[in-house]
């Protein structure tokens, strides 16, 4: 059997070379004739070679467990599954409150507009579109608070609490007797968006080796697409906004109860907080599911973390360092603008994916989700050989040109949906670039803080996104002109950032 690279690094040995096998073979040899002293010495050497080095750091511990062992894989899978649940709640207004809903009789889906008799106001803004704006307003105002609490009280309790809140609030929202109460439920759901998309990603990343992080991004990306596409059949099986709101919310409660019994705290967080009991339990479970013992020194692993704790900056010191460095400040301002505009484009295209020209709503929506798969699967691979800045520039520029083409295309043309899908693919690629670029752009000491500012402010774009469609009431197709100009602006801003790949 060929050994993997990670197994070689941690001293992996095949079962035939294990100490237990060598011992049993040696015992049997005593009762057998013809076994000489040389053969016994050879078995003794095999026992010595089978000894695994002692693990003394958290990096060595994660490297020894690897991302492909059953326990880390379980953590990655359940944490990435939360992205599917988030996609269901965040993108559901594409069906429950579709942009430009003008169906009055014999409609295939009973929307929020029909139930509460909502019509466009004098300002041309549809009240139903507030279900999305309020959702991301909750994330803007409260979502980041949960991220801070996750650093204080742990990743696990915040994730479970957020699942319970979004599940209960969403379920009660499906019973709302009036539109304002529904908006309150959507606000609470949105406030849980960050802990269910970022904190769980952090917990997963802190449970596997650094070199296996690309595996995590693929799992999470595919999970988001699966949840996104699953909305299409759900809208057929549950053709009213109340039933769809309920079935996309209840699973959060069920999953939270499951995680209460199975999800461990982040290994790195437990070590940082000197929680020896949690660390020992994490290692014990890993050994149990992997059927493999680890040779580790828990005292050494915990003591090294104490040395690192003394070197950490306070929040005040960190912001003073950021604002005192013009280069970092400029990068953070430009990157924040890119995040806002990119997320606005992505949300605007996602929420209008059920009304792409004369295409079937279910077909266009499903394809708009499937087209994101290449972005999650191939962009991280392509970046190994290409430069960051020109690749990001081309994604923004291609998307802008596709959207500009949409303005001149008739909705009846066969290429209308194809060009729109190209624009959606570019939007997904650009959104992924935000995370990849930001992770390399900022220095280590302030990376989390700067990315937190960018991810918080990008909710402004998501709040504005649902209302871009209203511009079409003034001039048909003008939404594509607005989004194309946004893409061109992002292309220009990209060149103000430095290249991160040397």
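In case you wondered, yes, glycine gets a Cβ from its N, Cα and C as well.
Remember, it's a predicted structure, so these values are computed and weren't measured experimentally.
The annotation region 'Disordered' is assigned in TrEMBL to 1-43.
Per TrEMBL, the feature compositional bias 'Acidic residues' maps to 1-10.
Per TrEMBL, the feature compositional bias 'Polar residues' maps to 23-32.
The transmembrane segment annotation in TrEMBL covers 71-91 (among others).
The annotation domain 'Major facilitator superfamily (MFS) profile' is assigned in TrEMBL to 72-502. Summed and averaged per residue, pLDDT over the domain 'Major facilitator superfamily (MFS) profile' (72-502) gives 84.
Panel annotation: around the transmembrane segment (133-150), residues 89-90, 93, 158-159, 162, 183, 186-195, 198-199, 202, 347, 452, 455-456, 459-460, 462-464, 466-467 of the same chain, lying at least six beyond its termini, place a Cβ under 8 Å from a Cβ of the stretch. Residues or ranges marked as transmembrane segment in TrEMBL: 133-150 (among others).
Long-range contacts of the transmembrane segment (157-176) within its own chain (CB-CB distance under 8 A, at least 6 residues past either end) are made by residues 79, 82, 85, 89, 146, 149-150, 182, 184-186, 188-189, 191-192, 195-196, 199-200, 203, 242-243, 245-246, 248-256, 259-260, 263. Annotated transmembrane segment per TrEMBL: 157-176 (among others), in sequence order.
TrEMBL lists 182-203 (among others) with the feature transmembrane segment. Below 8 angstroms of C-beta separation, residues 75, 79-80, 82-83, 85-86, 89-90, 112, 130-131, 134-139, 141-144, 146-147, 150, 155-156, 158-159, 161-163, 165-166, 169-170, 172-173, 176, 216, 220, 249, 265-266, 269, 455 of the same chain, each at least six residues beyond the ends of the transmembrane segment (182-203), sit close to that stretch.
The transmembrane segment annotation in TrEMBL covers 215-238 (among others).
Feature annotation from TrEMBL assigns transmembrane segment to 244-263 (among others).
Same-chain neighbours of the transmembrane segment (336-356): 91, 93-95, 98-100, 132, 136, 228, 362, 364-365, 368, 399, 416-417, 420, 423-424, 427-428, 430-431, 433-434, 438, 453-455, 457-462, 464-466, 468-469, 479, 483, 486-487, 489-490, 493-494, 497, counting only residues six or more beyond its ends whose CB sits under 8 Å from a CB of the stretch. Taken from TrEMBL, the feature transmembrane segment applies to 336-356 (among others).
For 362-381 (among others), the entry in TrEMBL reads transmembrane segment.
TrEMBL lists 393-411 (among others) with the feature transmembrane segment. Tertiary proximity for the transmembrane segment (393-411) is limited to same-chain residues at least six positions away from its ends with a CB under 8 Å from its CB atoms, namely 345, 357-358, 419-420, 422-423, 426-427, 429-430, 433, 477-478, 480-481, 483-488, 490-491, 494-495.
Positions annotated as transmembrane segment by TrEMBL: 417-438 (among others).
The transmembrane segment feature in TrEMBL is assigned to 450-471 (among others). Proximity of distant same-chain residues to the transmembrane segment (450-471), defined by a Cβ-Cβ separation under 8 Å and at least 6 residues beyond the stretch ends, is recorded for 93, 99-100, 120, 124-126, 129-130, 132-133, 136-137, 139-140, 143-144, 147, 194, 198, 322, 328, 331-332, 335-336, 339-348, 351-352, 434-435, 438-439, 441-442, 478-479, 482-483.
Look at TrEMBL and you will find 477-496 (among others) tagged as transmembrane segment.
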